[in-house]
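Here is the structure we will look at.
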Amino acid sequence: MDYVLSNNTNQDDDLLSRNLTSLFTDIVVNYLPFIPKSINKTETNEECNFHWNYVLSLCLVPSVFIVLLLSCVERRKKIHSFEKRFPCLSGRFGMVVPLDFTSTLENRWSYAFAFGAVTPLMFNLLFHDINPFPYTLPRYLKVFVYLVAALQVGIVCKPFFTCLSTPHQMLGGVLGLLYTLAWFIVQLWNIFRCRWSVKYDKGSIEEFIQQYEWLYDVPHLLSLGFLLIRFGFMIVKDVLIRLKKHSKQKEIKKHQYRYVQRLLRRPAEVSVERSWFRRKMYKSDPYFKFPNRIISTVALCFLGVYLIMLLEQITSTWCTKYVYREWLNYLNMLVNDSTWTVHLNYVIYTWYITSACAMLLSVIHISHVMVYYRKHIKSLWAGDKTFLPKSYQMRPAVCVVGLLKYPGYQIAFTMWGYLIVHMGMFAAGLVFVYLVISPIREYGFLSWLLDLISFLTNMSIVFILMRLQRILIKMFFLQDKTSPQDEEKPLALNNRKAFHNFNYYLYFFNVILGIGSCVLRLIKSAIVALMLLPRIERTIMPQGFRKLDASHCTWLGMIITDHHHSNPVLVCFCHLLIKHTLQSVRLDEDVKPESPAKKRAHIRWVLVYTLLRNPEFILLRKRHWNANGKELQLAFIWAMTARGKKNTPGSVKSAQTLISALHGSSLASEIWWEGLRKTCPP
């Protein structure tokens, strides 16, 4: 009788055959599903699941009440005619915004902790643990179950965000404090009353997960605790404002004004010396702040990686502790005990080491999200679009969709990227163990080193031949330098007949080198693609195919939308317009308006100062028909000579000429102006 598995034990063939039969029978009957079939859940589990869905449905009432109350105190700008009949309700029930993901920079970390507090509901929604209906719908209507469940979760979680974003700090703080405290009590009741009262079979994966389930509850309980402190701080701050012991926070973003002031200032002649950490690792910028969308997304990425890593490690530990322990007695009949233990240790140690490496790589990737966001957005502020694909023209609707999809894409790519990178590292780690560690342990270091030298000898010869081609071409087949100062020889062939013979004989050998280069290209592409999979800010597609990377297009759309809504120069300019518009509105009849002559003189002075500091603007101005041609010619010549010079206001005579030339030009000078401008284009 031929056996697939060799007899490595001291048993005879008949006894080994009976043991094999018993082994496979036991595996088919008991261990084929790999997880125990019977899980003795008590009635408490079903009762707790029912209570959880019931509590979730019950929370809709206070949630809707809080949203309606905040909407009642929110004023609308547009008032309809029928509202005039009810003066007390005129302008009431405005739209409540839970959070602004476009340009706001307030409550950034509070929003991040609010998302952390609702993370359990999001995961329950993903794993279909929330059933908004008291009965089961048909399978073809399952999508409506998910839709209603998502809507229910959104309504239940909305008070956390609306209480943070409302301008009525006292009301929002009180309502948010009460609602968060109620949720904190419900979560504690669910942990201590329900989860620990459920009993599972000893040795099952559910029973093992139950021992470490408290690790899942730590993040969102800490987030709820932070929200309690935050809402309490909002109440205290509003009380101090009412007592006039604390000033209200201005709407103007100070860092944006400082950024614009730095642009208008002359650069410092002596650069500030920075430490090694600030130069190499992280360069802080006091004129830049990350929006709440990036802060919340990064926080959820860390939380998602933590949860998926925790689930992965608990499951792998259970498999190692229970499953292999049960199978170890049967496998000892087939192979040696020490051999099986050694290979099992290889797998276990490789798994945990690669898990730590994948976790560290995920942390680095998440940190790079913030680094690249600041780098790209500041490049757009400076007008640098080199990181965008060539001929890149994204429609506004696509950009806004990218803004909406980015947080979900980033979180999903980070979590799945951790799993995929971990599996790739685990496979590479096993290859390294069985090519390096295991041969050294079994046959000794000297034997492994000799095998390595024989392998590297062939690789070294191939590498030397590849380098030799370049050296020979540089020495014999390129013409000499035309100048001693040249770094390289010119691209001109020498010894053409010898070169053609050299090319002919290497033609066949380069085919063999091409096969090796193809394999290396495949390996390097796979490694780079695997490492860059979680990073949607960098495309893994080659040039010309970047539009096929939908996740990278999402990143670009988000960056462009942020650039259009949070550019400091544009924000400051709009604020100045609003400020001057409000100042120009007459608030009282007794206030006398500024005289037209004074206002006109002020406008002309600002215009002259602007043109003196920026002479190029003279070429772009519109001209009147009644100007002095000679003065206009002088102003134009002065502008052309002053182009390209920094901080060149010109002489007093040039300034007087410019002032007198601002009033207009004649028809002849206009024709001369256009002709000269064509011959001397800017």
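Counting begins at 1 with the first residue displayed.
Quick reminder: no glycine exception, Cβ is built from N, Cα and C everywhere.
What you see is a predicted model, and the numbers here were worked out from it, not measured in a lab.
For 54-73, 109-128, 140-161, 173-192, 221-240, 290-311, 349-373, 415-437, 443-466, 504-533, the entry in TrEMBL reads transmembrane segment.
In this chain, the transmembrane segment (109-128) lies apart from the transmembrane segment (443-466): fewer than three C-beta pairs between them fall below 8 angstroms, excluding pairs fewer than 6 positions apart. The recorded stretches the transmembrane segment (54-73) and the transmembrane segment (415-437) do not share 3+ CB pairs below 8 A when only pairs 6 or more apart in sequence are counted, and are therefore not in contact. Note on the transmembrane segment (140-161): residues 56-57, 59-60, 62-64, 66-67, 98-99, 111, 114, 117-118, 121-122, 125, 128, 130-133, 175-176, 179-180, 227 of its chain, located 6 or more positions outside it, place their CB under 8 angstroms from a CB of the stretch. Long-range contacts of the transmembrane segment (221-240) within the same chain, counting only residues at least 6 positions beyond its ends with a Cβ under 8 Å from a Cβ of the stretch, are 110, 113-117, 119, 160, 163-164, 169-170, 172-174, 176-177, 180-181, 183-184, 187-188, 246. Sequence-remote contacts of a segment are chain residues at least 6 beyond its ends whose Cβ falls under 8 Å from one of its Cβ atoms, and for the transmembrane segment (173-192) they are 48, 52, 55, 59, 62-63, 66, 69-70, 117, 120, 159-160, 163-164, 214, 217, 220-221, 224-225, 227-228, 231-235, 238. Tertiary neighbourhood of the transmembrane segment (504-533): same-chain residues 361, 413, 416-417, 420-421, 424, 462, 465-466, 469, 540, selected by CB-CB distance under 8 Å and a gap of 6+ residues from either end.
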